[in-house]
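In what follows, a single structure is set out as structure tokens and then discussed.
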Amino acid sequence: MEVLKTFPIGQYIPANSILHGLDAKAKIIASFWLIVFIFLIRLNLSYLFFFLLIMLGIFLSSLPLKYFLRSLKPVYFLVLFTFIIHFFFGEEGGRVFWRFGIIHITELGIKMAIFMSLRLIFIVMITSLLTLTTSVLELAQALEDLLKPLKYFKFPVHEFSMMMTIAIRFVPTLLDETDKIIKAQKARGAEFGKGNIVNQAKSLLPVIIPLFVNAFRRANELAEAMESRCYRGGEGRTRYRRTYWTLKETSFIFFIGIYSALLLIFF
């Protein structure tokens, strides 16, 4: 259950870095664009330069590389599964190295296995760069600001942002609760990860039921706390800390845009 301790979503590590100092809106826009951009590049060199861009982001975050490597642990099996599927059952094209029934290893299949695996890794790294350098409150406020135009269509922007904030904030809390429940059940003699799939699923029931009970209890406590503080939605609410878009954020977005354009044009 080490995955629970390395799950990156909702974890924020304060530091005095260039990325930490950027407005959250700029980081969200850049992250969204880079995730989309990953699926637009196809050549080998493009992935190399994209990797260099991520390494530059890690350097500018002033955070140890180990935090970003840890964030890959929860998706390790997904990356491995994606690689195997494309390696043995991928598209046919180019040179055929081996074939047995529906299983085949081709030149195109190997390339797609590598590219799709790299895409997943890059997405996790970009998400980690965003969440590790931006607090949940900053993310919520930035999301609310970015979605403000939807207010004209009667979309509850503040409520949606609040909901997303609470959901993200409680991910580490629920994972911590899960870890405590698992340790408590193991102390009572419970065994996890043994037997066939059915037995493994049954062994998780003593974890899932208390987790749901704790989740509902915490949700009720949060609702009561918000009511006691007279929370009535976003109308008329002000912010203790306000962030502003400056030349620094504009330069950051401009750099990401130029870098992406150069990759598309020349690679």
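Using N, Cα and C of the backbone, Cβ positions are placed for all residues, glycine too.
As the structure is a computational prediction, the values presented were derived from the model and not from experiment.
As annotated in TrEMBL, transmembrane segment covers the listed stretch 247-266 rather than the other ranges in 27-46, 207-226, 247-266. Within its own chain, the transmembrane segment (112-137) is flanked in space by residues 8-15, 17, 19-20, 22, 24, 27-28, 31, 34-35, 38-39, 42, 47, 50-51, 54, 57-58, 61, 63, 67-68, 71-72, 75, 78-79, 82-87, 90-91, 165, 168-169, which lie at least six positions past its ends and keep a Cβ under 8 Å from the stretch. Outside the transmembrane segment (247-266), and at least 6 residues removed from its termini, the chain residues within Cβ reach (under 8 Å) are 21-23, 25-26, 29-30, 33-34, 37, 40-41, 46, 49-50, 53.
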